[in-house]
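Here the structure is laid out as structure tokens; the discussion comes afterwards.
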Amino acid sequence: LSKQKAQKYEAMKWVLVFAIGVCTGLVGLFVDFFVRLFTQLKFQVVQSSVEECTEKGCLALSLLELLGFNLTFVFLASLLVLIQPVAAGSGIPEIKCYLNGVKVPGVVRLRTVVCKATGVLFSVAGGLFVGKEGPMIHSGAVVGAGLPQFQSISLRKIQFNFPYFCSDRDKRDFVSAGAAAGVAAAFGAPIGGTLFSLEEGSSFWNQGLTWKVLFCSMAATFTLNFFRSGIQFGSWGSFQLPGLLNFGEFKCSESDKKCHLWTAVDLGFFILMGIVGGLLGATFNCLNKRLAKYRMRNVHPKPKLVRVLESLLVSLTTTVMVFVASMVLGECRQIPSSRHGGNDTLSLQDISEDINSSIKTFFCPNETYNDMATLFFNPQESAILQLFHQDGTFSPVTLSLFFLLYFLLSCWTYGISVPSGLFVPSLLCGAAFGRLVANLLKSYIGLDHIYSGTFALIGAAAFLGGVVRMTISLTVILIESTNEITYGLPIMITLMVAKWTGDFFNKGIYDIHVNLRGVPLLEWETGMEMDKLQASDIMEPNLTYVYPHTRIQSLVSILRTTVHHAFPVVTENRGNEREFMKGNQLISNNIKFKKSSILTRAGEQRKRSQSMKSYPSSELRNMCDEHIATEEPPEKEDLLQQMLERRYTPYPNLYPDQSPSEEWTMEERFRPLTFHGLILRSQLVTLLDRGVCYSESQSSASQPRLSHAEMLEDYPCYPDIHDLDLTLLNPRMIVDVTPYMNPSPFTVSPNTHVSQVFNLFRTMGLRHLPVVNAVGEVVGIITRHNLTHEFLQARLRQHYQTI
């Protein structure tokens, strides 16, 4: 039966990752369809107005029309963020935090994905310098979190009895798959999506997950490809459009024998471009960090309307600058014929026609086009294709101005209260930089053999790599998007150089925003110098704990006055336990539990010492020698009592039904506590909510028992202690937590090196790590906060000062 259950569980996982991929692809289709619809509507109206007003001299009216469209769309996007604030931005920092083990409130809710997907189409259609690819990753992650649960907080009335995957680890695996599917749908890069989830997202990875994530990414890519190809070309089943962003095919003209996509000589230029891209990315990140800090101080504390006004101000500025730059700063260039003999000719006829059809001729005579308007008055994807594949040239002045405007405005835009991605603006900015380098090399150095599209692609990779600092996944994403494996080496070298250069100055943009939120994100590993520290140097010694048998009033007090997610279950070690046991059922139960626990451990050590010809620990040697199994010792020869009396002086007479108090002395606070296990806050709240307790006059066996399924009924949204109605419960009743605690959590010794603690914590996906000494006493606890880079650095400085 268990084997069948395991097979059914595994089969359900495969079905669900396929469903997540399909749903993520459909979300991408929804966003792409409406962005394309709104953008075409806007540009058709504005373009006809500009052409008409060029002759009549009423361009101000055209600008007002463009402003009307853009401000309306951006206003709607801002309103959606007001409904769900976590929908702002790209969502990648939030998903990175979630996969790292930090629960960000509301980040994977149904309302979030609705506001995100709808908001990003308005942001992009509103002319802001944002992309829809980043929010696709967030949307895929939300689909991955919600679909396996078959329930939503927003739709509480719709309930399905689906008993599978009710754990944070399963949920995190599905979120990893959803995030990878989002990348795959955005770029048509299923392998790149899998590597993105591994490199940028997940902290806890296993081999079985890799295959499922790749399958999910494939499902997302081909779902989107199937529907987009059918809707746009009417050829259902042809699979012509692999992702939302398509770079087209890079291919030299057959008539130009000197043309090569790239040569060994070009690698030197690519490395230099990588260095410049890293510097530009570091500058971008530095400016955006300052802007984000300014917003946190001056915008976020104010009424929410101020955020909407800021978004509208950015939209107004962007629209006016784009319009004025296109009308005043553009140059008229010769329109290339589709059969032009230059070395930049694109072989794919449909993309070539798309490029030529997107050329804008504002204010230019026949057979010429306005190069600035061609870049600004097109969707960003079309502008990227222009820079990658346009036969004609863009003037160096136009490319410089375009790069500068895009750099500054996209930096200002990222962080306002609208759903916004950073991939496409960075690619477009970098492509302009790369095309500028190619133009300068051709015009002033005379390198006629170079292929401008390659330099535009390398520039895009250099700038994007300098901003986000991704290496493996970004290399594969760009190779899959270009469909050209020969670009693997130059893209990888450029990204590595850009990352190294940028890392010399600051972190990647996503890490910067994670740090600004104060999220305790764990790095991949600790530095070598951290091994000077031990677990005892970084642990939290001031513990809040519960006893195996605790009164309801104590539990409620602990839960209402702390925010901890788990509590050690302990018993006190005191010298006069006999007197304590008399006449008090609660204390008697706790002491009996401790005795049975320690005597069981003593028996285990005895068996181990006999089988392995080793000796048990000195603290328990007497018990192993004198006791057989777990027999209760005679009252006059209580060896456990003798051991405790020999080792400890008597401690203050504090009853177990008292909560840990801030007024306790240091002696009271740090007295020896035997560790028995960990109990979660959610479990304690569930026990109180269900009235699981017994009275002092009864045996603990009379306490009602909850099954594992009943304990998980409220997952993932357990009730809050402040919302519970506890008036029907007698505060003097006792709760036995021992059947529900984890009796064997991961623990470390106080002498364990920090690198070992860190690796155990990260690889096993822990949230709490008790520090237990050689005789089973809990002396502290380690949480994520104790392993963050900043905390470890502070403790290392303290360590050096004490030497």
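Yeah, the Cβs are placed from backbone N, Cα and C, and that goes for glycine too.
Feature annotations, reproduced from TrEMBL:
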- 741-802: domain 'CBS' (DOMAIN)
- 12-39: transmembrane segment (TRANSMEM)
- 59-83: transmembrane segment (TRANSMEM)
- 174-197: transmembrane segment (TRANSMEM)
- 261-285: transmembrane segment (TRANSMEM)
- 305-329: transmembrane segment (TRANSMEM)
- 397-416: transmembrane segment (TRANSMEM)
- 453-479: transmembrane segment (TRANSMEM)
At a Cβ cut-off of 8 Å, and with pairs 6 or more apart in sequence only, do we get at least 3 pairs between the transmembrane segment (12-39) and the transmembrane segment (261-285), yes or no?
no
Counting only residues 6+ away from its ends, which parts of the chain sit with a Cβ under 8 Å from the transmembrane segment (397-416)?
88-90, 128-130, 280, 284, 287-288, 291-292, 295, 307, 310-311, 314, 317-318, 321-322, 325, 329-331, 371-372, 375-376, 422, 425-426, 428-429, 432-433, 435-436, 439, 509, 513
Ranked first among 59-83, 261-285, 305-329 for CB pairs under 8 angstroms with the transmembrane segment (453-479)
261-285
Which numbers of helix, strand and coil residues does DSSP report for the domain 'CBS' (741-802)?
28 helix, 15 strand, 19 coil
Model confidence over the domain 'CBS' (741-802), as mean pLDDT, sits at 87
